[in-house]
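Here's the structure we're looking at; comments come further down.
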2 protein chains.
Amino acid sequence: MSATESPSPSARAAAPAAVPAKTPATVPGTLSATAPGVARRLLALNLVRLRAQRGWSQEALAHESGLHRTFIAHVERQVRNASIDNVERLADALGVSVAAMFQPPPDPPAG
Amino acid sequence: MSATESPSPSARAAAPAAVPAKTPATVPGTLSATAPGVARRLLALNLVRLRAQRGWSQEALAHESGLHRTFIAHVERQVRNASIDNVERLADALGVSVAAMFQPPPDPPAG
DNA sequence: TTGTAGACTAGCGTCGACA
DNA sequence: CTGTCGACGCTAGTCTACA
């Protein structure tokens, strides 16, 4: 035990943020810092972008990643929630890191 | 849809990397760029690190992420492959971006 | 507090076929 | 080439309980 040398017996209860706010920054009218499904979208965006950048077809990517053609199509359409194990496989097939799949796309020059 | 204006009818067949190598950089004695399960490990490492950094218990993190206690424990032990939807939830609970969960941990100075 | 086991449900991921 | 439906297996994810 002694996970953290907490001065108090009930560490969690005595912790400064003992009771973490359930709705911290959910200001009415303000979107959450991280919207639900942002990962799915980022993954899809980067997936389509990287794939098109290489001139690969969904079938080719599916073949490279060892996944099925239909699955690739679903992920790109955000109708399917892939697991990290498959996301890594996709990233490996594209030659990028898993973190890159969730990296925000390079904002295009406005002018 | 003209994905790529390939001069040849069989775009894929005529594509530059028409036949992508199945084992491209698997040089004998050289480890692959991305080892299998690296995402699972990175996720677990960052998860434990960020959680301990906040002095949160698995139960607290589970409560914050809205997931179950057992699931958190399994992910940290890498015995479970989480989906991006849940990874995002974990990242949100920790106040970090999904990409941060797969970011390589700050390697400590060797000496 | 954390790890693990067992049982259960829900959804992922595959396959084949069509538009 | 890409999107989608139907069916199917497998595992992610939940819950209870014990060490």
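Just so it is clear, glycine is given a Cβ too, placed from its N, Cα and C backbone atoms.
Taken from TrEMBL, the feature compositional bias 'Low complexity' covers A:1-30.
Here TrEMBL flags A:1-32 as region 'Disordered'.
In the predicted structure, the domain 'HTH cro/C1-type' (A:47-101) carries a mean pLDDT of 92. Annotation comment: TrEMBL describes A:47-101 as domain 'HTH cro/C1-type'.
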By DSSP, what is the split of the domain 'HTH cro/C1-type' (A:47-101) into helix, strand and coil residues?
39 helix, 1 strand, 15 coil
